[in-house]
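Copied from TrEMBL, the annotated features are:
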REGION    1-231  region 'Disordered'
COMPBIAS  32-44  compositional bias 'Gly residues'
COMPBIAS  181-196  compositional bias 'Low complexity'
TRANSMEM  238-258  transmembrane segment
SITE      Glu459  site 'Important for catalytic activity'
REGION    508-529  region 'Disordered'
Amino acid sequence: MTAPGGLPRRGRHSFDGALGGGSSSFRTGPGASAGHGFPPGLGRGTAHEDATGPMVEPAWWSFGSTDDPGSPLTARHGGGDEHGYGRQHPSAPLPPLPTGAWDRLRPRPEPGDDDATVAAPRFAGKPDDEFPEDDAPTTGGPLWDEETGGLDVIGANVDEDRPRRRGFRRGPGAAVPPAPVVDGAAAPEPGVADAPAGHDGDLLDTSGAGGHDPVADDEIPVEPYDSRSDRRRRRRPFAVVLALLVLGALVAGIVIGGQQLLSLINPAAQDYTGAGTGSIDVRVQEGDTLSDIARTLADADVIASTGPFVSAAEANPEATGIQPGVYTLRLQMSGESALEMLLDPASRQVSRVTVPEGFTVEQILARLAEETGTPLEELQAAADPAVLRLPAYAGGQLEGFLFPATYDFEPGTTPQQMLQRMVDTFTEVAGRLRLEERAAALGLSPYEVVTVASMVQSETRLDEERADVAQVIYNRLEQGIRLGIDATLAYGLDKSGNELTVTDLETDSPYNTRTRAGLPPTPISSPGEASLEAALAPTSGDLLYYVLESQEGSHFFTSDYAEFQQARQRCADAGLGCGG
């Protein structure tokens, strides 16, 4: 239908391409979709020429997705399935617009319009009286309220398809901020500052904020405040605490995991702190290096890793003095604390036994029993030359081959292990002195050298005299003179030299060198290294006699018999034991 003057009758949508009672087609392209809420690029639809006939929905009205033209625009179209495909629904009438809405609609400039064109009215003149405006009173309901007319457009039946509220939601009980006051009057809402008088604040010309649907280009009611948000707000402190707990657990996990990773990357870098707790016995083997000791301690959980201990030991020169044995340490000590305890003699679990030079086998067994607590009978049973690994030149004789020294015996050491260790020490010293080779150079057997060394050991306490005593023995043996060494007789009689009597001196015994020429049948004591060296390297000369001349144990040496007798008298006068 057209109005007088050839102008088409304008309904609610007073712009080109709008849908109205007199529109015969839908306008497509950018002009039809931009600003009107219709998607761009949609096809044409058809409408009846009069307001009473039903409108057929255009094809593009009935789909809500660009993926499928058959998808419904609203839940009502889809039979309640917002996302499914439903059958097309007959068009629904539009709700009436508020009074004066048409007056507030502002023209929208087209591209290329100048200011005059924009300011000019869209259509000259007024509607003809025969065709009243939408705001004019009419008989009956408005045309758009007809049950058989109108268009089903976006925004209709909003109660059925109410969208989710957009924007910030005020908390319960929050006051609505008052509108700003300008010159005593409330300032207009944003976007309608230039609206004609009577504008009631609807947002027909704005989009986006305040619940406005940019697709429908209509104002969509906003849902009322949901009180459930208050409950959600009350749950926020709990959520914060839970998040902090999770964060703390995460940090702890990272720290612990980092330590584990560090231990995997560099296991030698870990160390305990403090002096440790409890106690544990740890054995240091003969020949262990500092690294060997560190690994032993780490395996026993004395230290956390080898690195700190080795570093502390390398910085302490005394660490090279760590002796083999069993040490009483603590668990989980720092590397430095473990080193300090290893250097402390009190930490070592040993029975230390000192065997003096010149002791006989009998005296040695008694000393071992006393110092280690081992029964003497067990030691005597273990002193079997057939069981102990003696040098071949020993001839099955144990006397003289238990080397005198200081020994540390760990708990649990057997009697045989004690004696074998002493024999092994003699073999080691003899090898260092080249005993067999040098004895052969003297025209003697190693056994004879050991026997001479045992007599040298018994005759003097001073190392500087030992080579002279050896010279006297070799000179007398060479000249066929009886040795006359009372120590041999005392050994044969199982007495000390001071206990010998005149009768004892006349005893016919293989060990009485007063009555028998040559060497005694066996060594008479355990000679030390100095006595062995003296027997292998005697001084040169013609000395045949020596006599004790002082309380300090020094002797007078001479090759003249008369001088010897004089010195002997001096010894007797001094009470030094030269009574015979």
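In case you wondered, yes, glycine gets a Cβ from its N, Cα and C as well.
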Exercise. If H, G and I count as helix, E and B as strand, and all else as coil, what does DSSP give for Glu459 (site 'Important for catalytic activity')?
Worked result: helix
Problem set entry | Tertiary contacts of the region 'Disordered' (508-529), as residues 6+ beyond its ends and Cβ separation under 8 Å | 355, 357-361, 364, 397, 399-404, 429, 433, 448, 450-458, 477, 480-489, 491-493, 535
For this session: For the region 'Disordered' (508-529), jot down how many residues DSSP puts in helix, in strand and in coil.
Result: 1 helix, 0 strand, 21 coil
